[in-house]
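What TrEMBL says about this protein:
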type: DOMAIN; residues: 36-147; note: domain 'Amino acid transporter transmembrane'
type: DOMAIN; residues: 215-476; note: domain 'Amino acid transporter transmembrane'
type: TRANSMEM; residues: 38-58; note: transmembrane segment
type: TRANSMEM; residues: 64-84; note: transmembrane segment
type: TRANSMEM; residues: 117-137; note: transmembrane segment
type: TRANSMEM; residues: 236-257; note: transmembrane segment
type: TRANSMEM; residues: 277-299; note: transmembrane segment
type: TRANSMEM; residues: 311-332; note: transmembrane segment
type: TRANSMEM; residues: 357-377; note: transmembrane segment
type: TRANSMEM; residues: 397-418; note: transmembrane segment
type: TRANSMEM; residues: 424-447; note: transmembrane segment
type: TRANSMEM; residues: 459-479; note: transmembrane segment
C-alpha cells in the first residue's frame, strides 16, 4: 500500500486543457469559490490557450483565408454552446447531490460503466495526444535553441539551404527544401573548425538525436510522486502567449500585409479563399477550444455563480479573438511573393530561422513552459489510468515506470517519424472532441429532456445534427 503522501490530498485538484495548461485549483469546501469573475475569465482563457496557437496560421492556410476566419468563429460558437451544455448538465439531475461532480461523473450517471470507461478512454486520448505534441515541440525548440547557442558561441554564420526572403527579417520555407531538409543541412561561412561543426550537426539532429536527449531530463520528472512544484510555473503559459502575440505584431509591422483574394483558384503565391482541406482546421480548433473536461471545476471556484454563463462566454470570446489575431496576422503578413502561402508551417515559428533573436526567445519561453507542464500532464494520466485499474495513483515504481515509458516512447516515435504537430493535434482533437464536445453534452441534454417530458422535435434535430457534425469532423481527418 502506498503511503499517504503518495496520493494527492483531497484539496489537490489539477485541471488541464490539452495543449493548454495544467495547474492546481483549490477545492470548494463550502460549495462555492472565492474567485472574482475577472479571475475566472482569465483562468479559463489561460487554461484553454496553449500551443495549438502555433498551428492556427497553418490551419487557416489549409482552409483558405476567408473560410478560415469563418470556421474559427463558427467553431468558437459551437464549442461554447456544447460547453454551456456541460456546465448545465449537473443541474438537470434531481434527487442527487452533484456539487462535487465533474463531467465524467455525469457521463457515468447517464451511461453507467460505459460512460465511465469511455470518458476515461477519450480523456487519455486527449492527454497522451497532448504529451506527444509537447514532445515533438520540445524536440523542435531544443534543437533550434541548441543550434542558435552553438553558432553564437563559435561565431559561425550558417545559411540554411532553404528558400527564404532576404534582409534582417528573414522568413524561410522549409517545406520547399524537398529532400534537403532544413533540420541540419546548412552551408557554413566561418573561420571556425569545420570538422567540429559537422560533428555537432551529426549529434544534434532534430529527429535523429534530440528527441532521445529529452528522455534523460523528463523521464525522471514523470516518476515524481507529486507534481505540485511544477504547478507554480503556470504563469509561464500566460507569458508565452503574450510574448507570441507581441512577436506576431512586431513581425507583421516589419513584413507588411501580403494578400490577394482568389476565391476558388490557386496561383503560384496565394491559396484560394475556400479549400476542400478545411476539416484540417476544424480538427485543430476542436482541441484549441477544448476545456469541456474541467470547465465545471473552474466555474465552481467563481464567487458569482449566477455569472458563470456570462464569464464563460467572455472567456471564449477572448480565446477566439487571440486565435484570430495570431492566425490572421501571420497569414496576411507572410511575404507572398517571393514565398508562397503554402510555405506556412504547422508550427509557424519554423518559418523563422534558428538565428532569429525574437523566435529564439519564444522557443526558450515555450520550451521551459512545456517542460514544467509535461510532468503535470503525466501525473494526470497516471492518476486517471492507474487509479481506475489499481485503485491507487502510485501502486509501485514499476507500474508508474512502465506507464511513463509507454507515453515517452510514443512521444519519441512521433518526433522521430511523424513530427507534424498540426496532424497530431487534429487527429487527437477530433477524436476526444467527438466524445466530450459533441456527443456526450448533446446526448445528456436530450436524455434529460426526454425524462422530464420536455424533448421537442427542434431540440432533437439540432442536437442530433451537432453529433453528426462531430462524427463528420472525425471521419474527415482520415480522408484529407
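Keep in mind that glycine also has a Cβ here, set from the backbone N, Cα and C atoms.
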Ask   = Out of 38-58, 64-84, 117-137, 311-332, which stretch has the largest tally of CB pairs under 8 angstroms to the transmembrane segment (397-418)?
value = 117-137
Message = For the transmembrane segment (236-257), I need the partner stretch with the highest count of C-beta pairs below 8 angstroms, choosing only from 277-299, 311-332, 357-377, 424-447.
response = 357-377
Beyond the flanks of the transmembrane segment (117-137) by 6 or more, those residues with Cβ under 8 Å of it = 16, 18-19, 51, 54, 103-104, 107-108, 111, 211, 214, 287, 290, 293, 347, 366, 370, 373-374, 377-378, 380-381, 384-385, 388, 407-408, 410-412, 414-415, 419-421, 424-425, 427-429, 431-432, 434-436, 440
Task = For the domain 'Amino acid transporter transmembrane' (36-147), jot down how many residues DSSP puts in helix, in strand and in coil.
result = 98 helix, 0 strand, 14 coil
Inquiry  = What residues elsewhere in the chain lie close to the transmembrane segment (277-299), defined as a C-beta under 8 angstroms and at least 6 residues from its ends?
reply    = 13, 15-20, 25, 40, 43-44, 47-48, 50, 52-53, 55-56, 59-60, 62-64, 67-68, 71-72, 75-76, 79-80, 82-83, 86-87, 90, 101-104, 123, 126, 129, 305, 308, 311-312, 316, 319-320, 323, 422, 425-430, 432-433, 436-437, 441, 472-473, 476-477, 480
